[in-house]
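One structure is given below, encoded as structure tokens.
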Amino acid sequence: MATPAVSGLSRQVRCFSTSVVRPFAKLVRPPVQVYGIEGRYATALYSAASKQNKLEQVEKELLRVAQILKEPKVAAPVLNPYVKRSIKVKSLNDITAKERFSPLTTNLINLLAENGRLSNTQGVVSAFSTMMSAHRGEVPCTVTSASPLEEATLSELKTVLKSFLSQGQVLKLEAKTDPSILGGMIVRIGEKYVDMSVKTKIQKLSRAMRETA
């Protein structure tokens with residue numbers, strides 16, 4: 001039998017599967033909408049955590065949950081569809097008790113187990129992280145270069161990219177390397193995408209030469 005707390009979170013999740021306006025209005029809407037099953041669970045959790053002022057705590061706990069579920073000894077029985085649900089719940093209860101997770105995180109895990117959605121856990125964690133990133137005003141930016149950028153170049157690039165942000169927004173920069181682009185860089189910031197790689201320039205030159213042949 002589901003606990004009252006689990007049932008409450010379950011009701012919030014279900015209301016996102018319907019078009020009933022009144023229950024939807026009672027939820028605290030996240031700053032960004034994430035679609036799909038994972039998005040519905042994450043939105044319900046965001047609403048509950050926001051009302052209790054525990055967004056940061058839940059975010060930290062969810063990252064720990066994702067880490068735990070990557071451990072083979074845990075993932076094998078918990079994510080195996082042929083293992084009885086009661087065994088999964090017992091294993092999860094042991095984990096949540098050991099980690100001393102908050103009731104919000106514990107209830108989410110129990111709800112996912114109850115609904116046979118444990119395989120969606122990583123997706124829920126990712127969706128919640130996306131909401132929290134938007135909550136903090138973070139703008140994700142990925143810079144891909146053929147080789148690691150020098151600190152001076154990276155610092156100058158950050159200054160340029162920050163000039164495109166609105167007030168209150170925070171740049172969250174991730175630098176990656178991909179030798180296949182040959183040189184230059186590829187920048188993705190928010191919804192914008194700029195390809196300044198040597199590889200793309202060569203491809204454009206090749207197409208142009210074929211068209212004029």
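Placed from the backbone N, Cα and C atoms, the Cβ positions cover glycine too.
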According to Swiss-Prot, which stretch among 5-23, 24-42, 100-118, 157-175 corresponds to the feature motif 'SIFI-degron'?
-> 5-23
The modified residues listed are Lys70, Lys90, Lys158, Lys162; by CA-CA distance, the one closest to Lys60 (N6-acetyllysine) is Lys70
Other CB atoms, at most 10 A from the CB of Lys158 (N6-succinyllysine) | 14
Distance, Lys172 (N6-acetyllysine) to Lys90 (N6-succinyllysine) (CA atoms, angstrom) | 39
Out of the modified residues Lys54, Lys172, Lys176, Lys192, give me the one sitting nearest to Lys199 (N6-succinyllysine) by CA distance.
-> Lys176
